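Reading through the structure tokens given below for one structure.
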Amino acid sequence: MINPFTDDYFMKKALQEAEMAFEKGEIPVGAVVVVNNTIIARSHNLTEMLNDVTAHAEMQSITAAANYLGGKYLKDCTLYVTLEPCQMCAGALYWSQISKIVFGARDEQRGFLSMGTKLHPKTTVVSGIMADEASDLMKRFFASRRK
Ligand SMILES: [Zn+2]
């Protein structure tokens, strides 16, 4: 049997979250946290609605996943996020000791890779999963705002 729980499968769920942010007029970034092929947290950017610059999708997912697990460390968890995390989120992910981060599109200007932010040594990173879909969503969002 083919395993249906691929990186693409979970990234599609994160993209659905990003679409929800888009519909609310938020910069469209979505995230899910997965453990044992089960989604334990899902979130999207809410910085406008909450009037809070820390309300990035990743920050909310870290909190929700820790609440679900009943412990602050996200060991054996994978975060799927549509856009490369910023340095704030990478810093929070460092503290969570998350096992794996899978992100979609690069953020050349404000992503943690360009900023030189370090992740936890136990954390592995996969990039470029459904990157075109994630960046198309961002482009559509900013094009719609310019009108
Ligand atoms: Zn962030």
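All residue numbers here begin at 1 and follow the chain in the order shown.
The backbone N, Cα and C atoms fix where each Cβ goes, glycine too.
In TrEMBL, annotation is done automatically, which means it is predicted and not curated.
Look at TrEMBL and you will find 5-115 tagged as domain 'CMP/dCMP-type deaminase'. Taken from TrEMBL, the feature Zn(2+) binding site covers H56, C86, C89. Residues or ranges marked as active site, proton donor in TrEMBL: E58.
For the recorded site, C86 (Zn(2+) binding site), the DSSP three-state label reads strand. Each of the binding-site residues C86, C89 was scored by the number of other CB atoms within 10 Å of its CB, and the largest score is that of C89. Residue counts for the domain 'CMP/dCMP-type deaminase' (5-115) by DSSP state, with H, G and I taken as helix and E and B as strand, are 44 helix, 27 strand, 40 coil.
Within 8 Å of the centroid of the Cβ atoms of H56, C86, C89, where the record puts Zn(2+), the same chain has further Cβ atoms from A57, E58, M59, P85, Q87, M88, A90, A92. For the domain 'CMP/dCMP-type deaminase' (5-115), the mean pLDDT of the prediction comes to 97.
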